[in-house]
Amino acid sequence: MIRFSESITSQQDIDVVVGENALSYLREIQNKKAIFYSSSVNIDFIKPHLEGEYTLVPIKDGEEAKDIQYSLELLKVLFDGGFDRGDYVIAIGGGSVTDTVGFIASTYMRGLNLINVPTTLLGMVDAGIGGKNGVNFGRIKNIIGTFYQPRAIIADLRFLISLPSEEVRKGLAEVIKYGLVLDKELYDFLALNKNSVLSKDPESLEYVVQRSIQDKLSVVKEDERETKGVRIVLNFGHTIGHAIEAGSGFSIPHGYAISVGMVCEAKIAEEMGYSEEGVVEDTVWILSHYNLPISIDELSSKIDLKEALFALSKDKKVRNGVLLMPFPTRIGDWKRVEVPIETLKGFAEQCLK
């Protein structure tokens, strides 16, 4: 088991625990706790690690959990339970759960102590870390949200080991993202260790999760609130990926949409002359290596192009008709590029037809 702390803000450190018994950290929390957990989580697996007063609240999974009206229902739980700013909110579940629970923890009384316990690979390496919380509104994903850092991130690998391999694969797109634009060593590890990663070897999973968390937190530490143009690197694949999700009515798993989004955006970078020769091929190869989709033809749902382009035009990163995008220049490196939204829509239309 690996445990370390990162100082993201001057107010507090974030404890990070990765390993097969990471849940034991919860025994250190003696304060009153509201535990919001995915209905797919076996709560009996969690209870032995809980001490002191706590309230268990099963919640919805997936995009249903991220509806703004549902967030109001969860806030009422905190209000009715008499929770105050000295108490804790614990989110146990996938990315949609940590997104939603992080949002309510940050807004109730302007902030309660938050602990994220992601139970999927996607949650452990992306959605459950970094402090961005969001819910959906008006057909647009994550358009209402906050920046709010958790007190701790607990990545207990036993959750992953018990998941079907396909669920682990869905989260690998985000891991591969770090390798493509931030961390060549991680890319090389993934290239050489496919079998151990997909077979959920604990040592390989521990390395992949720890490395991904450190990659993301290093970016967040430098640009927590997206004011310096650094954190945008974490959006690689997400501009087109979110459009794909919207165009499918959010029926396509996030990881698969991001996988196709990374291929599209790597191609755009190449066509605009920002990436070295071979970057597109290396992107396609590593995603195919892990049996992730590389084109919309490989996705399970049809994409409504009009809806996808509408979502693209409503992207939060658009300023004065221009979108700031992270383009891979070589494996493990990237460049910030301003792309006119109409130009991007033209490229996206080619990619999504």
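Backbone N, Cα and C atoms are what each Cβ position is placed from, and that goes for glycine too.
Worth saying up front: this structure is predicted, and the values here are computed from it rather than measured.
DSSP assigns ASP61 (NAD(+) binding site) to coil in the three-state reduction, placing it in neither a helix nor a strand. Residues or ranges marked as NAD(+) binding site in Swiss-Prot: ASP61, GLY62, GLU63, GLU64, ALA65, LYS66, THR119, THR120, LYS132, LYS141.
Annotation comment: Swiss-Prot describes GLU174, HIS238, HIS254 as Zn(2+) binding site. Under the three-state DSSP scheme, HIS238 (Zn(2+) binding site) falls in the helix class.
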Residue from GLU174, HIS238, HIS254 whose C-alpha is spatially nearest that of GLU63 (NAD(+) binding site), among the binding-site residues:
HIS254
